[in-house]
Amino acid sequence: MKTKFIFVTGGVLSSLGKGLAAASLGALLQTRGLSVTIQKLDPYINVDPGTMNPFQHGEVFVTDDGAETDLDLGHYERYLNVPMSRKNNTTSGAIYNQVIAKERHGDYLGATVQVIPHITDEIKSVVLSLAEGEDAPDVAIIEIGGTVGDIEGLPFLEAIRQLRSELGRDNCLNIHLTLVPYLRSAGEHKTKPTQHSVKELLSIGIQPDIILCRCEQSIPEELRRKIALFCNVDQDAVFSSVDVNNIYEVPLKFYAEGFDQKVAIMLRLPARNAQLDAWEKLVSDSDNPHGKVTVAIVGKYVDLKEAYKSLHEALIHGGVANRVQVDLRYVNSENVDDSNAAEHFKGCDGILVPGGFGYRGVEGKIAAIRYARENKVPFFGICLGMQCAVIEFARHMADMADANSEEFDHRSKHKVIYLMTEWYDFRTRNVEKRDAGSDKGGTMRLGSYPCKVMPESRAFEAYKTDMVEERHRHRYEFNNEFKEALAEKGMIFSGTSPDGSLMEIIELPEHPWFLGCQFHPEFKSRPMNAHPLFREFIGAAKKHAKV
């Protein structure tokens, strides 16, 4: 087996940044000429995060093949510039589903199905599947979600313990990310949480090879010696992961610490020098803007910024491409109406309405869109944001006062947005069919679909091609019954499915920049290659700000 495996665990508390650490390490190894992939193992019982509340889980990241996955896969794609797939994320729920299906099929020949070996074997097969095929990567980084000590994570930790034994030390590496808090009152770092976390890991049978210490400032050498002594690792295998203002600095910080070099030595990887010119330019451009624009994000999950993680990053990418700083103003759509919209959006150079589900906060989004349209503020609507733009235009420009989505009002005579009952899936070559009674999980129009772009439109100006592929996650779509009526009032449909049956992009050509898309372009934006629509949106905001 040519693939080397790196397992990343976390201790003390959650949200330490395992995903960013894994992505940054992967990026560094990639600059050494190695092929890298990353997989996230989530211990929760949900089959996938598709039906989870964004306030609990954050963003659901959608892959090209239609998997609804953890937001960390967004970090993986952005840092590696390699598309992820459903193979790159699995959960306890998915693992148990597979094992139970096999038991029902009789695959276990009457055996008593247990966590060990059946669940752990299934986990191992998911991990090892990354090393299959001629295009198997040189390195596979496996991030185990949650915190060491969580009862849900025990089968995953047992599985990686077994893999270490089966694959050998030269092919496996265990990295443990832990918190080293700095007590300002005492003026010192505290290592006790790290010691206890490693002790917990050792009790499971896993000896970390490298300890990555999340801290406010770099830890001194005497502290590294202490951690190495108590945690049974080499002193040069204890690294700092310091807080940064710009997350794209993390690979550079790791490189300065010698983190990737130590990993390469321990796994006997080719020790070519990392080529970091592109990362250095990215950070330099990001830290030295030539102006500033303010963009309002109008949503109902704004109290948890992680719910819009890819969106946030895509706007930053657009700023880097335009050499401007993008200040984001999160506005709760439940607090917006026509009477106070001017107050909420005073000083904004762009207004973005993202996706979402359910009626709560929708009228506030519509009020924000009306303000953007009437006041010539650059507007970008994504998924539900596009649908709300259609509703607003129908109500106020096409004399359809009760215009709405079928999702929100079944009694409306002008359902300009309605439930998709069937569509063609070009990947499976099947016609997918749904109705109001279908299961919620995994039943939307998901993944990458082609879009035909109309020449001489804002969209074509951005893409510079007439055919693109974008990622979708929705049940509702524009109702073509109203296409002619809205077109007569000035709306154009600049992007459609190849057969012309589904409206994917809408624009108002008389507006400085007003565009809505049914897909999620933020999932395909990259720090060194901003998505064309985000690049153009921020460019329009820059023009509005007169920067």
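Quick reminder: no glycine exception, Cβ is built from N, Cα and C everywhere.
The ATP site recorded in Swiss-Prot includes Ser15, Leu16, Gly17, Lys18, Gly19, Leu20, and the single candidate from Asp72, Asp107, Asp121, Asp135 that the record places there is Asp72. Just one of Arg458, Arg471, Arg475 is listed by Swiss-Prot for the same L-glutamine site as Gly356, Leu384, Gly385, Met386, Gln387, Glu407, and that one is Arg475. Of the listed candidates (Lys124, Lys226, Lys253), Swiss-Prot assigns Lys226 to the same UTP site as Ser14, Lys190, Thr191, Lys192, Pro193, Thr194, Gln195.
Within 10 Å of Cys383 (active site, nucleophile), counting CA to CA, the recorded positions Glu143, Thr191, Pro193, Thr194, Lys226, His520 contribute His520. Taking the C-alpha atom of Leu16 (ATP binding site) as reference, the shortest distance to any of the recorded positions Thr191, Thr194, His520 belongs to Thr194. When the Cα atoms are compared, Glu522 (active site) and Asp72 (ATP binding site) turn out to be 14 Å apart. For the pair Gly19 (ATP binding site) and Pro193 (UTP binding site), the C-alpha distance works out to 21 angstrom. Ranking the recorded positions Lys18, Lys190, His520 by other CB atoms within 10 A of the CB puts Lys190 at the bottom. Here UTP is bound by Ser14, Lys190, Thr191, Lys192, Pro193, Thr194, Gln195, Lys226 per the record. The longest Cα to Cα distance in that group is 24 Å.
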